[in-house]
Amino acid sequence: MLDISDLFNETYYLGANPDVANAVATGTLASGFQHFLGNGQFEGRDPSVFFDTDFYLDLYVDVDLAVLSGNTTAIAHFVNSGQFEGRDPIRQFFNDTYLLRNPDVAAAVEADILTAYQHFIEAGQFEGRDPGFTFDTSFYLETYPDVAAAVASGRLSAIEHYLQFGLVEGREAFPISWDIPLPEPTEVQDLGVLGSIEVNDFIGTLNSEDLYAFRLDSPGEVSIILENLSADADLVLYEDLNNNQQLDLGELLGFSEQVGNQTETIVKVLPPGNYSIAVQQYSGSTSYTLRAFNRAIATPLVPDNAGNSLAQARDLGPLTGGQTVSDFVGDLDRLDLYRFTLDETSAIDVTLGGLSADADLFLVQDFNQDGLIIDRVEILASSIAASSNPEAISLPTLAPGTFYIAVEQYTGNTNYTLSLSATPTVGVDTQTPLPGFDPNYGFGLVDAAAAVARAIGETVPFADVPNPIANNYGADLMRVPEVWNRGFTGEGVVVAVLDTGIDLKHPELQGRLWTNVDEIPGDGIDNDGNGFIDDARGFDFVDFDGDPAIALTEEQHGTHIAGTIAATRDGIDATTFFGQPFDVTGIAYGATIMPVRVLGDRQTFDEFDRAVADGIRYAVDNGARVLNLSLGNLPGQPPTENIAAALQYARDRGVVAVIAAGNEKDLGAFVPDDPAIRAAQDLAIAVGAVDRDRRVAEFSNPASSLLGVYDFVVAPGIEIRSIVPANGFLSLDGTSMATPHVAGVVALMLQANPNLTPAQVEQILAETANPEGILV
């Protein structure tokens with residue numbers, strides 16, 4: 001399969017990037033490839049004409065979000081995932097078209113011998129095969145004899161010439177008389193009242209989803225079958241209650257996601273109503289047969305005493321004490337919604353009992369007042385116990401406002417009893433609201449000199465000292481050198497970096513990495529009996545092995561974070577392209593880093609939730625005192641319930657969690673990402689980003705005024721220079737970069753006073769944070 005080196009061209013890269021060419025010419029860099037691995041891919045530079053970074057990110061929003069959150073780069077995503085998923089890396093290559101026109105390639109791809117783009121790069125372009133319908137190799141060579149001569153000499157292929165020269169020269173790539181098919185927007189095909197239907201159609205890159213609508217006038221058992229597939233396609237059944245063409249809470253009725261070209265099937269008992277079927281491409285292109293039929297059933301309709309949308313929610317009025325209601329959820333009434341209001345900040349307890357089947361419980365707030373629940377951040381809390389076990393939600397503080405309780409069927413039919421109670425927090429021993437909490441930056445910029453002084457009982461911050469670090473503003477902005485001057489470096493404190501993996505060979509981390517002294521690496525035995533084999537240097541919960549270092553392209557994010565926390569203090573490390581010396585020194589350069597890999601490039605949401613949760617428990621059980629989680633859920637994904645439970649596990653055992661607030665403010669986010677939003681449940685410290693001038697970063701998710709007063713601070717997160725794999729250094733932006741600054745300060749505090757509890761650490765950080773001079 002293709003790797004980064006297969007898509008890199010040294011001559012092209014140096015020609016397109018004069019700064020790199022100059023650095024290579026003067027000996028600062030060994031090659032352009034060295035720059036691309038350590039810097040260029042993270043800066044969005046193209047490795048050759050055969051990978052267009054901007055095009056790839058514009059075309060695939062999920063990848064763009066992953067890159068924005070620091071989890072990957074565009075080229076790394078394509079190499080590790082995209083080529084296998086049939087994604088297109090340049091405008092001129094159409095994966096599905098290439099496979100349809102070249103059955104021999106399609107057979108090789110089906111046999112997992114190679115990928116479509118691999119064939120084109122290694123063979124197809126030289127064999128005169130067209131990458132898609134917007135480039136005609138024969139036409140190009142016949143029209144331009146000079147290109148034909150160059151191709152005949154073996155210097156380059158027709159498509160390479162076009163991409164590197166022909167485009168800017170205005171040469172035509174195909175006959176202008178061609179009628180090029182363009183993707184059409186997805187239209188819903190109305191099947192009317194469902195009896196028995198059969199539809200034959202096709203899905204692929206140019207038409208990745210087909211939608212069908214039907215209705216039932218009476219209860220029925222609906223069977224839906226998707227068959228005769230030659231590639232992987234999935235089947236979804238939902239009820240679009242609010243006609244917004246999105247899946248909201250309670251609308252998903254069923255799905256089938258078999259592997260490969262296996263038949264997909266959904267069977268569901270449904271009440272009268274309007275429903276939708278989605279046939280979705282997973283990989284490749286395929287024709288299909290969709291069959292659906294309805295078997296009428298004589299099931300009495302159950303009265304619905306609670307609505308199925310926010311507008312129809314049963315109104316319980318102001319919740320001033322306790323209320324109890326009873327109702328039913330099941331096949332014919334899957335969702336019940338209740339609305340209540342709080343007039344003052346209160347502790348909330350909600351229980352769902354009396355179940356004979358599996359139902360789930362959610363606490364919701366419609367933050368943007370759009371009448372929909374389509375974003376995970378609008379689900380404040382949830383309980384999803386298995387089987388008929390009771391569900392419970394308990395929040396120590398909830399600010400005044402309007403809220404909703406959702407009771408949702410998971411399987412089967414069941415009566416239930418829902419109990420709600422609210423207790424005003426005035427006079428109750430909960431976290432005391434502190435002055436100066438701002439909805440943009442919480443309590444303000446972390447002040448290490450004040451926080452560590454408070455940790456050892458001193459009421460006056462440590463005295464100012466000159467900054468000994470060259471061109472590394474983060475430590476100075478938080479007054480960290482003042483703490484070092486008192487002898488605190490984080491020594492003896494283990495900080496777990498739960499991330500993409502870490503370059504264990506980087507010189508700046510030598511002597512700073514955690515070692516499981518009771519484990520013998522590579523012998524295939526769990527020597528220390530902790531349940532993990534060969535975890536001598538940490539653990540990988542993505543591939544589930546004892547190697548938390550995976551590949552240089554994936555380790556960049558985690559390595560950068562580890563360096564911000566604990567890179568060695570060893571003087572000037574290197575110089576910039578402009579000759580300025582710089583020194584990368586960790587905030588807690590005496591601390592120990594425990595590498596725990598929890599992020600992979602091809603994770604599903606469930607895999608992400610489980611890997612991070614397992615990583616947290618591993619770190620806690622193996623001696624970590626601080627957890628750095630520079631990670632978060634993607635917009636639109638469910639709540640991270642497993643992570644929340646693991647954070648509670650950590651807190652109960654005295655471990656402090658520091659979590660990035662997220663980078664989606666400029667995309668519309670108005671509260672921290674999940675799991676950072678769990679700080680509002682006293683499970684963590686949420687961290688936003690500021691620049692060297694104390695201006696809140698445009699991307700940094702705000703603290704919000706909707707969640708009450710909770711542990712939210714800011715730290716440097718713009719142009720943060722730290723270490724990256726292959727002995728490199730790089731400046732990056734993000735709340736991911738701000739978070740390790742705070743984790744480092746926590747390590748300093750715990751060295752100064754190992755007896756601090758998570759609640760005490762959070763209180764000290766909040767009370768000593770500095771809101772002065774912060775710009776929004």
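Placement of Cβ uses the backbone N, Cα and C atoms for every residue, glycine included.
Copied from TrEMBL, the annotated features are:
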DOMAIN    336-408  domain 'Peptidase C-terminal archaeal/bacterial'
DOMAIN    490-769  domain 'Peptidase S8/S53'
ACT_SITE  ASP499  active site, charge relay system
ACT_SITE  HIS557  active site, charge relay system
ACT_SITE  SER736  active site, charge relay system
Round to the nearest Å and give the CA-to-CA distance linking ASP499 (active site, charge relay system) with HIS557 (active site, charge relay system).
7
Do me a favour and check the Cα-Cα span between HIS557 (active site, charge relay system) and SER736 (active site, charge relay system); whole Å is fine.
9
Restricting to the domain 'Peptidase C-terminal archaeal/bacterial' (336-408), what is the model's mean pLDDT?
82
I'd like the number of other C-beta atoms within 10 A of the C-beta of SER736 (active site, charge relay system), please.
30
Suppose we draw a 10 Å sphere around the Cβ of HIS557 (active site, charge relay system). How many other Cβ atoms does it contain, all chains included?
27
Of the residues in the domain 'Peptidase C-terminal archaeal/bacterial' (336-408), how many are helix, strand and coil by DSSP?
3 helix, 43 strand, 27 coil
